Amino acid sequence: MEEGNNNEEVIHLNNFHCHRGQEWINLRDGPITISDSSDEERIPMLVTPAPQQHEEEDLDDDVILTEDDSEDDYGEFLDLGPPGISEFTKPSGQTEREPKPGPSHNQAANDIVNPRSEQKVIILEEGSLLYTESDPLETQNQSSEDSETELLSNLGESAALADDQAIEEDCWLDHPYFQSLNQQPREITNQVVPQERQPEAELGRLLFQHEFPGPAFPRPEPQQGGISGPSSPQPAHPLGEFEDQQLASDDEEPGPAFPMQESQEPNLENIWGQEAAEVDQELVELLVKETEARFPDVANGFIEEIIHFKNYYDLNVLCNFLLENPDYPKREDRIIINPSSSLLASQDETKLPKIDFFDYSKLTPLDQRCFIQAADLLMADFKVLSSQDIKWALHELKGHYAITRKALSDAIKKWQELSPETSGKRKKRKQMNQYSYIDFKFEQGDIKIEKRMFFLENKRRHCRSYDRRALLPAVQQEQEFYEQKIKEMAEHEDFLLALQMNEEQYQKDGQLIECRCCYGEFPFEELTQCADAHLFCKECLIRYAQEAVFGSGKLELSCMEGSCTCSFPTSELEKVLPQTILYKYYERKAEEEVAAAYADELVRCPSCSFPALLDSDVKRFSCPNPHCRKETCRKCQGLWKEHNGLTCEELAEKDDIKYRTSIEEKMTAARIRKCHKCGTGLIKSEGCNRMSCRCGAQMCYLCRVSINGYDHFCQHPRSPGAPCQECSRCSLWTDPTEDDEKLIEEIQKEAEEEQKRKNGENTFKRIGPPLEKPVEKVQRVEALPRPVPQNLPQPQMPPYAFAHPPFPLPPVRPVFNNFPLNMGPIPAPYVPPLPNVRVNYDFGPIHMPLEHNLPMHFGPQPRHRF
C-alpha cells in the first residue's frame, strides 16, 4: 500500500468458516486492510480478532460501508472469486485492470481468506464493521445505503459468472457419505462462511445477523485478562496501528452468521480448496492409485474426495471404508477385466507389443538405413573384427543390431575362455598369432550359421559414432533392449555369485539348515516355510506343487510335515513356484471354488472348454469367449442352429453318425465314475475300490455311492476272489471289469435292437466295437520233469523218396601225355536237402539207414582253380 494513501477500509470478518488446521488457526484472525484509493493495487485485508474488541465501541446491527461519493474512484471489494479468478466482473463502463499485490504483514492471510466463487450471499454478523482508518466511526453511517447497493450488484454478477465453474466440483457432495459429514456439529468462531447457493433469481441478496436464528452450537466464552480461548487464538502478527480502535464482542457467546439446519456443502468445498494446497499431492496420487488397483470399479474422483473430506490418509482405512460401504459410486463407462486375463488383452499391449529381439523367428528384415546404422554401431563395438565379417553376420541375422551383437559377444567370450591366460604385451601378441580367429556360431531352432572370423592386426581407429537422438527409432529401440538385457544378465550373474558365496560362508560356519523333506542342508535364503514355520528347500516345494497340481489336482498345498495341518501361504508360493505351476494352481483353485459355489450353474463350452454360469432353466449356451462365440445346446452339446425345434433325441436320430456317436459315448461313460460332489470323471487303473477325488470326496468304485473311510467294504476274512459268506458288502479288492463289460453289452444290445426295429434287419449296422469275449483262464501247469534217456527200440523210418533224376557224374579230365588242359573250374555236385528227420533229442546214438547214393561231402569250392 502506498504511503500517501489514507482512504483505507477495514472489514471485521467475525465469523469466517475455515479449516481447523494448525496453520489456519494462527492466520484466520489476522488483520485484513482494504484500500479503495487506487485501482492498481490489490486490496490487503485486516481481520480484527473478536476478543480484542472494546465493549465501549459496540455498534448497532447495521453493516456500514464507507466510501467516496465519486464512482470513478470506486475501490475493489474483497477477492471473493475462485482461486483461478483474480477479480470480479466490473459493471459496464468500468475499465478492467489487473490488480497488483500490495504490502501486507502476512501474505498467507491474503491467500487463505478467499471464499469460493459459487457464493451468492455474504453474511456479515452484527459488530462486523467496514470503516476507514483516518475517518471517525460516526461518519460511517452516512454512506451505508449506497455502499450496500453497489456491494450487492458486484457480488451478484461475480457469483453468476462463477456458478458454472463450481458445478463440477460439487459432483459428490450430494452423496450420503458426505451428508453425514456435513451434519456433524462443529465449533465455529470468528468465521464468515458462504451460505448455500440460492436460485439465480436471488443472486446478490445480502442477509444480516438479525434475520437468522440463534446458533445451534455456541462458541465457548473467552477467558478473562485478554487471553483468547482455544476457539479464538491470537493472530500471528499483532495489530500495531489499530490497537486503539479494536472492537469488543457484543456478546460473550455470539452465534454463527448462518443457520445450521441446512447442508454446509459450500463450507466443505472451501475447506477442501484450502487443504488441497497443503496436502502432499504425491501421497494422494499414490493412495488413489493403490486403492483403484484394489477396487477397479470405483468412480473417478471419488477416492480423492474421500481422502480430503474425511482425512483418510491411510490405505487400510480407505479400503475398510469401501468394504463397509459397498454401494459407493461405481464406473459405468467400461467393464472391469482382470489384466492377466488370457481372453482379452489391454490396449497398451495391443498398441506397443513387447518384441524379443533375441528371438530370430519373430524378426523381420530391416531397411537399408537401419542396416547401415547398425553396422556402424557394431564396428565401433568390435574394433578387432573386420567390417566384412560384421556386415556378413548382420546380413545373415536380418539386419538387427541386438541379436547380432549378442552373437558376436558370445563368440568372443567363448574365445576368451578357451585361450590360455597371458600377461604382458609380448605374450599377448604371440598368443594372438596363435589364436587369431573366432568361430562365429548361431544356432536357434532350425537356423544354424557358422563362420570363422579372423582378427585384424591392429584395432580399427576410425569408426562412425552416432548420438542417441540421431539413431533411427528401430535401431534405438534395439540398442535400449540390448542394454537392458545385458544389465539383467549381469544382475543375475551377480545374484548367483552372491548365493554361492553365501552358501560357502554358511558351510564354513556350520550354520546350514536341514530340509524337513529331503534332509539336505541349505542356507536359509534357499528355504521356504509353511504357516507353522516348518522349513523346506525350494526344490522340494516345486516338485510337490507340480505333482499336486498336475497330478492329483489338489486344491490346497498342505505342509509336508506329517504332523502339521497348516498349508503354505500364498506369498511363499509366489516367491518359489514357477509361473506355469503357479498359474495352474490358481486356475485349479478358482475352478474348484466356482464349482463348489455354483455346481449346477457352471457350464463349459464343448468347443473351447470356456466356463460360464448359466441358469438351470436355460437350454441354450452362448460361449462368452470372444474367440469362440458358439451357441450350443446345454443338454446334448450340439449346435443350436441345427435343432430347429427338434429335441435332443430327435436331433441325434436325424443324423446316423451322431446317433451312433451318442451311443458310443454312453458305452464309454459306463466305464467312468463321476464324483458326486464336483462331477469329475474317475477311472481306476489299479488299487483298491475306495476312490478319492481331487476335491476330497470318496466313493465306492463298485456301487458308485459316497462313502467315508473303509467301513463300507467287507471286513470278514476270506479267500481272494471268493464272495463273502457272512455279508453282502462290496469287496475292497476286486476287478470291476466284468461288471463294466456287462453294462456296456446291455447298452449296445438295446441300441442295436432299436435300430433294427426302425430301419429293418437289412440296414442293420453294428454300433460300437465288437464285444471281446474274455480270455478263458488256463490253469497253471507245473513244470514237467526232464526225461531220462533210455535204450529203447526206435521205430524204423521209411526211406526218403527222391523225385529228381540221378545226379550227373563229374567230368573226367582226359590225360594226354600228361599235359594239363585249361577246362575251367569243375562244378560241385548237387546236394539235395536232408530228410526231415528228428535228430535233436537226448537219446543215445541211433544208427539209421540213410540213402546210400547221397555224397558225403560238398565238393570243391565253386571258384576254385587249379
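Placement of Cβ uses the backbone N, Cα and C atoms for every residue, glycine included.
Remember, it's a predicted structure, so these values are computed and weren't measured experimentally.
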Among LYS362, LYS413, LYS485, LYS584, residue that the record in Swiss-Prot marks as SUMO2 cross-link:
LYS485
Per Swiss-Prot, the candidate from LYS487, LYS654, LYS666 carrying the annotation SUMO2 cross-link:
LYS666
Look through LYS120, LYS459, LYS635 and state which residue has the annotation SUMO2 cross-link in Swiss-Prot.
LYS459
Candidate set LYS589, LYS619, LYS641, residue annotated SUMO2 cross-link in Swiss-Prot:
LYS619
How many Å lie between the Cα of CYS700 (Zn(2+) 5 binding site) and the Cα of CYS633 (Zn(2+) 3 binding site)?
32
In whole Å, how far is LYS619 (SUMO2 cross-link) from CYS628 (Zn(2+) 2 binding site) when you measure between their Cα atoms?
18
Integer Cα-Cα distance in angstrom, CYS724 (Zn(2+) 5 binding site) to HIS643 (Zn(2+) 3 binding site):
52
About how far apart, in whole Å, are the alpha carbons (Cα) of LYS666 (SUMO2 cross-link) and CYS636 (Zn(2+) 3 binding site)?
12
Other C-beta atoms that fall within 10 angstroms of the C-beta of CYS724 (Zn(2+) 5 binding site):
14
For the zinc finger (675-703), find every same-chain residue at least 6 residues outside the stretch whose CB is under 8 Å from a CB in it, and list them.
552-555, 592, 595-596, 599, 709-710, 712-713, 730-734, 736, 739
In whole Å, how far is LYS485 (SUMO2 cross-link) from CYS636 (Zn(2+) 3 binding site) when you measure between their Cα atoms?
52
Other Cβ atoms within 10 Å is the metric here; tell me which of the binding-site residues HIS643, HIS716 scores highest.
HIS643
Please tell me which one of the recorded positions listed here (LYS448, LYS485, CYS605, CYS623, HIS716) sits closest to CYS648 (Zn(2+) 3 binding site), measuring Cα to Cα?
CYS605
I need the neighbours of the Zn(2+) 3 site defined by CYS633, CYS636, HIS643, CYS648. Which other residues of that chain put their C-beta within 8 angstroms of the C-beta centroid, in sequence order?
LYS619, LYS635, GLN637, GLY638, TRP640, LEU646, THR647, LEU651
